[in-house]
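Participant: I'd like to ask some things about the structure below.
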Amino acid sequence: MVGTYHNVSSVHYANHQQTSSNSTDARQISCNAPTEERLRATVAEATMSSVVVGMEARPSNAATPRELTQNPLKKIWMPLPCKNGLPDERICQRMVCMTNCPTLIVTVGLPARGKTYISKKLTRYLNWIGVPTKEFNVGQYRRECLKIYKSFEFFRPDNEEGLKIRQQCASTALNDVRQYLADGGHVAVFDATNTTRERRETITAFAEQNGFKVFFVESVCEDPEVIAENIVQVKLGSPDYTNCNTEEAMEDFKKRIKCYENSYETLDEVLDRHLSYIKIMDVGRRYLVNQVQDHIQSRIVYYLMNIHITPRSIYLCRHGESDLNVKGCIGGDSGLSPRGKEFAKYLHQFIQSQEISDLKVWTSQMKRTIQTAEAVSVPYEQWKALNEIDAGVCEEMMYEEIQQHYPLEFAMRDQDKYRYRYPKGESYEDLVQRLEPVIMELERQEHVLVICHQAVMRCLLAYFLDKTAEELPYLKCPLHTVLKLTPVAYGCKVESMYLNVDAVNTHRERPENVEVSRMAEEALLTVPAHQ
């Protein structure tokens with residue numbers, strides 16, 4: 001049986017009689033009743049059971065660990081739809097839906113205006129905040145169809161064969177969009193030039209037929225230096241120009257742009273006033289936003305108004321080794337160990353060697369990050385949002401203690417580490433939502449050093465490196481190591497620098513056996529060594 005746990009709060013003894021009455025009514029519901037009614041009946045019975053369990057006396061001499069919640073919880077097993085004995089992959093995605101209907105994002109603009117850059121960043125951001133999103137690049141469909149690119153002649157408006165192939169590629173991409181959104185995706189990004197009003201009307205009609213909302217993202221740029229830089233950084237490295245020298249490729253691509261310029265119809269404030277769109281002018285110097293329809297579109301607008309293309313580096317590191325790290329405890333607010341203080345001095349030397357005059361330093365509000373930043377000897381800002389994940393009742397406990405007192409919770413966390421929430425604490429999913437303002441501000445900044453914690457650093461890394469929710473909680477972020485992230489055309493370059501100060505290992509891999517019935521030895525198999 002495959003399913004998921006739901007928490008049902010018990011009520012106080014004073015409400016016991018009322019609960020029993022409700023439960024009796026629930027039992028009378030026929031098995032033929034709608035699923036929702038039968039589910040409510042199950043929950044009602046379970047609630048009554050939890051009250052009875054809560055009334056049972058405990059032995060006075062029994063060792064009682066800290067309570068998991070203020071009111072006892074009864075965990076109810078809800079069956080999930082299965083296919084071939086496995087849970088439907090879409091279930092986790094559909095548990096929290098941020099869109100009231102699927103959304104199709106459509107890029108607009110001439111070549112070398114940053115459309116694919118925007119598409120990839122937007123896709124990465126939406127997936128990170130939990131909105132299932134996929135990019136559909138029509139240029140990639142064309143490359144798969146043609147295999148070999150010859151010259152700009154293919155894009156000439158009077159090239160009927162080329163026009164037919166491009167239309168077919170766009171049609172195939174839209175069919176894939178339809179399938180993706182039908183299969184549970186929330187947002188699809190249709191990345192193409194879409195420079196004519198006729199093409200955009202075709203896409204709008206397609207969306208209306210399928211019940212999708214449409215949001216256009218146009219990038220307009222007239223700065224020749226920005227265009228030339230974009231061609232050099234992105235286009236010359238594409239598969240279209242693998243066998244060309246730089247000058248030939250540059251000349252061909254400029255001619256390709258000319259092929260689109262004569263027929264280009266920009267989004268117009270009057271003619272397109274009924275459409276939802278954002279127009280980004282000259283790489284964010286000015287914006288025009290029209291007819292934003294819903295929450296997800298407003299988040300897209302807010303995100304696009306915060307990103308920039310100025311070259312910069314982001315440095316991520318954890319605090320120096322703490323006293324609780326040495327003991328193998330999670331959470332808490334302890335100070336640095338002697339080795340942690342030594343790392344802080346080495347971090348100061350490392351930052352000086354980078355010779356960054358305008359570096360900003362951010363820390364959490366916890367003692368160990370502040371002590372680390374103090375040694376760096378530069379002004380720093382404290383962010384509460386950067387505090388370590390709240391482990392709730394498990395704060396300052398060793399993994400061995402958690403397994404001893406809360407074996408069910410320990411197993412459930414191993415089963416789904418991203419979505420599992422500590423009793424009275426947080427999940428990684430909660431942490432991502434807490435860190436969204438930090439990501440927005442990081443996108444606005446230039447050079448920044450973020451001194452944070454293991455779970456926080458994992459969430460930030462997952463955003464910049466486009467990692468899935470399943471990969472995120474197991475990203476390796478060792479102590480006394482600085483990661484230098486440098487945004488590049490369609491991703492992020494990562495440099496890892498260990499500062500030669502020993503520290504304990506705090507990384508715990510997912511054990512093979514995650515069943516609740518496992519032995520303690522199996523549960524603790526991947527716990528790192530500690531004092």
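Residue 1 is the first one shown; counting continues down the chain.
Every residue gets a Cβ built from N, Cα and C, even glycine.
Nobody curates TrEMBL annotations by hand; they come from automatic prediction.
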Participant: Could you look at ARG273, ARG285, ARG286, ARG368 and say which one TrEMBL places alongside ARG318, HIS319, GLY320, GLU321, SER322, ASP323, LEU324, ASN325 in the substrate site?
Facilitator: ARG368
Participant: Quick one: give me the count of other CB atoms within 10 A of the CB of GLU388 (active site, proton donor/acceptor).
Facilitator: 24
Participant: Please list residues from the chain of HIS319 (active site, tele-phosphohistidine intermediate) whose Cβ is under 8 angstroms from its Cβ, counting only those at least six apart in sequence.
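Facilitator: LEU336, GLY340, MET366, ARG368, THR369, GLN371, THR372, ILE451, CYS452, HIS453 - these are the non-local Cβ neighbours of HIS319 (active site, tele-phosphohistidine intermediate), listed in sequence order.
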Participant: Do me a favour and check the Cα-Cα span between GLY320 (substrate binding site) and GLU388 (active site, proton donor/acceptor); whole Å is fine.
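Facilitator: So the Cα of GLU388 (active site, proton donor/acceptor) lies 14 Å away from that of GLY320 (substrate binding site).
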Participant: Using other CB atoms within 10 angstroms as the count, which residue among the binding-site residues ARG318, LEU324 scores least?
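Facilitator: Counting other Cβ atoms within 10 Å of each of the binding-site residues ARG318, LEU324, the minimum falls on LEU324.
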Participant: To test your reading of the substrate site: which residues beyond ARG318, HIS319, GLY320, GLU321, SER322, ASP323, LEU324, ASN325, ARG368, same chain only, put their Cβ within 8 Å of the Cβ centroid of those residues?
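Facilitator: Apart from the listed residues, the neighbours are VAL326, SER334, GLY335, LEU336, SER337, GLY340, LEU479.
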Participant: Using Cβ-Cβ distances, find the residues under 8 Å from SER322 (substrate binding site) that belong to the same chain and are at least 6 apart in sequence, listing them in sequence order.
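Facilitator: For SER322 (substrate binding site), the qualifying residues are GLY332, SER334, GLY335, LEU336, SER337, GLY340, ARG368.
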Participant: Based on DSSP, name the secondary structure state of ARG368 (substrate binding site): helix, strand or coil.
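Facilitator: It is helical.
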Participant: What average pLDDT does the predicted model assign to the domain '6-phosphofructo-2-kinase' (97-311)?
Facilitator: 94
